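Feature annotations, reproduced from TrEMBL:
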type	residues	note
TRANSMEM	7-30	transmembrane segment
TRANSMEM	42-59	transmembrane segment
TRANSMEM	71-96	transmembrane segment
TRANSMEM	108-125	transmembrane segment
TRANSMEM	137-156	transmembrane segment
TRANSMEM	176-197	transmembrane segment
TRANSMEM	209-230	transmembrane segment
TRANSMEM	242-262	transmembrane segment
Amino acid sequence: MKSKFALKFLVIGLFTAYSLWWLYIMAFAGPEDSIRDYFSDTYGIVAGLGGFLGLIFAHKWDGCKSYVGKALIFFSAGLFFQFLGQLSYTIEFYAYGIENSYPSFGEIFFFSSIFFYIFGVWYVAKSAGTTISLKGFGKILAATIFPLLMIAFSYFMFINGTDFESYGLVANVLTFAYPIGQAIYVSLAILTFFLAFNVVGGTMRRRVFFILVACIFQYAADSTFLYKTIQDTWVPAGVSEYMFVVSYFLMSMAFLDFLYAYEYLQGRKK
């Protein structure tokens with residue numbers, strides 16, 4: 001019991017520390033102050049901690065032997081890849097003095113995390129005793145309208161009017177691939193959220209809600225980052241990077257909620 005509260009305190013404490021740090025930067029730091037770089041170079045720790053905790057909790061759920069265990073493993077891998085992506089950019093900055101060299105080697109990790117999130121949401125749905133399908137008018141609306149809105153938003157923000165000849169092939173591919181991939185896992189999370197409402201008394205809904213909001217925040221963070229990069233207005237410790245911190249925090253809170261569910265089920269067996 002004490003370890004559970006200690007872990008929750010660690011997650012919330014780290015998020016609070018970065019939130020206060022970011023607010024201080026917004027209020028007092030200039031665009032060239034080094035404190036911005038320190039924030040940008042280290043906020044991936046929140047993702048790394050979340051990924052580590054997720055793997056620990058997955059082990060409690062029997063790892064790959066259960067749907068919950070598989071879901072936690074995939075989400076943890078996604079967070080670890082987010083951490084590695086951020087670390088790659090940090091190493092490049094200090095080794096070569098290049099700030100925000102998008103797209104760079106780190107995008108291999110950032111983009112790969114999308115696939116881990118897709119499988120993570122899929123196994124969350126399985127763990128809730130549901131099957132993701134498009135049967136029913138409401139499900140069709142949820143699965144089609146929202147991703148279309150996401151893709152349309154991305155088109156008008158990043159694609160419409162953009163001179164693609166001034167960017168490399170990798171940057172152009174990622175401009176299309178990121179919103180499409182993120183639309184998939186957000187749509188699956190929305191479907192799972194509504195499906196879980198009527199399953200086992202809706203007890204899975206809160207956990208799916210954390211994951212859904214985390215996915216939406218990550219989409220918003222990526223979108224803001226791409227927009228500011230294209231407009232050449234990106235600065236370290238900007239809004240997009242704090243959105244990433246919020247996303248990682250919410251995913252970590254979802255992991256903790258699955259730990260509570262595990263302990264609750266173990267208590268009922270006694």
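Numbers here mean position along the shown chain, with the first residue as 1.
Cβ atoms here come from the backbone N, Cα and C positions, even for glycine.
Just so it is clear, the model here is predicted, and its values are computed rather than measured.
By the Cβ criterion (under 8 Å, sequence separation of 6 or more), the transmembrane segment (71-96) is in contact with the transmembrane segment (242-262), since 3+ such pairs are found. Stretch with the most C-beta contacts under 8 angstroms to the transmembrane segment (108-125), considering only 7-30, 42-59, 176-197, 209-230: 176-197. Counting only same-chain residues 6+ beyond the ends of the transmembrane segment (42-59), those with a CB under 8 A from a CB of the stretch are 7, 10-11, 14-15, 18, 68-70, 72-73, 75-80, 82-83, 85-87, 90, 241, 244-245, 248-249, 251-252, 255-256, 258-259, 262.
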